[in-house]
Amino acid sequence: MRLLLSILGVLTLLSILPLARSFLANQECFSEYRHCRMKCKANEYAIRYCADWTICCRVKKREAKKKIMW
């Protein structure tokens, strides 16, 4: 009986932790490269929702152009 209760307790704890982690996560976009908008621009991608249900957008990293040597 104790084993069953401990297994149920662990399962309950594991189901609560992701909810608490998402609740405690930072809900704002703090950076010069992140902005809350209704739609991301072509050079941005969505990260998360902001507090007012806008989308937190982050600028994509640019890939360096490779020169062909031959």
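Placed from the backbone N, Cα and C atoms, the Cβ positions cover glycine too.
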Per Swiss-Prot, the disulfide partner of C50, chosen from C36, C40: C36
Other CB atoms, at most 10 A from the CB of C57 (disulfide bond): 23
Between C29 (disulfide bond) and C36 (disulfide bond), the C-alpha gap once rounded to whole angstrom: 7
Packing count at C36 (disulfide bond) (other Cβ atoms within 10 Å of its Cβ): 17
Length of the line joining the Cα atoms of C36 (disulfide bond) and C57 (disulfide bond), in Å: 6
Neighbour tally for C50 (disulfide bond), based on other Cβ positions within 10 Å of its Cβ: 17
